[in-house]
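Peer 1: My questions all concern the structure below.
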Amino acid sequence: MAHPSQLGFQDAASPIMEELLHFHDHTLMAVFLISTLVLYIITIMMTTKLTNTNLMDAQEIEMVWTIMPAISLIMIALPSLRILYLMDEVNDPHLTIKAIGHQWYWSYEYTNYEDLSFDSYMIPTNDLTPGQFRLLEVDNRMVVPMESPTRLLVTAEDVLHSWAVPSLGVKTDAIPGRLHQTSFIATRPGVFYGQCSEICGANHSFMPIVVEAVPLTDFENWSSSMLEA
């Protein structure tokens with residue numbers, strides 16, 4: 001999860017987030033090199049006296065400053081398109097969960113189970129126990145098995161919402177009357193925090209998302225206990 005004074009991204013907990021981190025570093029390096037080159041050219045132009053005010057045509061220079069930006073954009077666009085297609089793929093999910101946004105809480109339905117559904121509300125600050133995080137904890141976490149492809153169906157009951165968990169590299173809009181689909185694989189056990197990322201009313205800041213990734217045996221025990229409750 002995020003820490004005070006953190007400048008970088010949260011630690012990746014899914015293959016997609018790993019790809020996004022690599023793409024961020026790749027793009028940042030390209031932007032840094034371009035900025036350095038442009039700053040160097042501007043500095044040279046402002047300081048040198050070797051200028052030709054009568055120069056009207058320079059096809060070689062024009063060709064260079066046309067081809068180089070095109071190559072740079074292609075180098076940035078190709079990895080981006082690859083990740084875009086990877087994020088759109090849903091290959092043989094082991095578990096399907098439907099997340100429904102409400103004002104101002106989330107509800108979850110595990111479609112692989114007949115009667116496994118629950119609401120997830122933020123725990124008020126006065127009810128937090130030592131070690132819990134303010135404005136991020138919920139009474140019912142969305143539990144998923146780690147290292148298992150999970151499909152997430154996202155919609156909303158009333159207004160626009162957005163289901164987002166940065167560590168998993170997932171952000172999907174929840175729109176009333178529409179069903180959006182995404183997928184993720186939690187590569188390690190842990191608790192991953194997110195929040196609604198679409199302004200949805202007065203209590204928009206108070207509808208957090210908590211995903212808990214556990215081993216498959218623990219998930220089966222949890223689902224059995226939820227069905228018996």
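Using N, Cα and C of the backbone, Cβ positions are placed for all residues, glycine too.
Pulled from Swiss-Prot, these are the listed features:
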- His161, Cys196, Cys200, Met207: Cu cation A1 binding site (BINDING)
- Cys196, Glu198, Cys200, His204: Cu cation A2 binding site (BINDING)
- Glu198: Mg(2+) binding site (BINDING)
- 1-14: topological domain 'Mitochondrial intermembrane' (TOPO_DOM)
- 46-59: topological domain 'Mitochondrial matrix' (TOPO_DOM)
- 88-229: topological domain 'Mitochondrial intermembrane' (TOPO_DOM)
- 15-45: transmembrane segment (TRANSMEM)
- 60-87: transmembrane segment (TRANSMEM)
Peer 1: Considering the binding-site residues His161, His204, which residue's Cβ sits among the greatest number of other Cβ atoms within 10 Å?
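Peer 2: Answer returned by the neighbour count: His161.
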Peer 1: Helix, strand, coil: count each for the residues of the topological domain 'Mitochondrial intermembrane' (1-14), based on DSSP.
Peer 2: 0 helix, 0 strand, 14 coil
Peer 1: Whole-number Å distance between the CA of His204 (Cu cation A2 binding site) and the CA of Cys196 (Cu cation A1 binding site)?
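Peer 2: For His204 (Cu cation A2 binding site) versus Cys196 (Cu cation A1 binding site), the Cα atoms are 7 Å apart.
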Peer 1: Which bits of the chain, at least 6 residues beyond where the topological domain 'Mitochondrial intermembrane' (1-14) starts or stops, bring a Cβ under 8 A of a Cβ in it?
Peer 2: 20-21, 24, 133, 136, 166-170, 184-188, 190-193, 213
Peer 1: Among all the protein chains here, how many other CB atoms are within 10 A of the CB of Cys200 (Cu cation A1 binding site)?
Peer 2: 21
Peer 1: Compute the centroid of the Cβ atoms of His161, Cys196, Cys200, Met207, then list the same-chain residues not in that set whose Cβ lies within 8 Å of it, in sequence order, for the Cu cation A1 site.
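Peer 2: Apart from the listed residues, the neighbours are Gly101, Gln103, Trp104, Trp106, Ser162, Ala174, Gln195, Ser197, Glu198, Gly201, His204.
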Peer 1: Rank the binding-site residues Cys196, Met207 by the number of other Cβ atoms within 10 Å of each Cβ and report the first-ranked residue.
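Peer 2: Top count of Cβ atoms within 10 Å goes to Cys196.
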Peer 1: Quick one: what's DSSP say for His204 (Cu cation A2 binding site), helix, strand or coil?
Peer 2: helix
Peer 1: Near Glu198 (Cu cation A2 binding site), how many other Cβ atoms are within 10 Å of its Cβ?
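Peer 2: A 10 Å sphere around the Cβ of Glu198 (Cu cation A2 binding site) contains 17 other Cβ atoms.
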Peer 1: Please report how many Å separate the Cα atom of Glu198 (Cu cation A2 binding site) from that of His161 (Cu cation A1 binding site), as a whole number.
Peer 2: 5
Peer 1: Beyond the listed site residues Cys196, Glu198, Cys200, His204, identify every same-chain residue whose Cβ lies within 8 Å of the center of their Cβ atoms for the Cu cation A2 site.
Peer 2: Gly101, Trp104, Val159, Leu160, His161, Ser162, Ser197, Ile199, Gly201, Met207
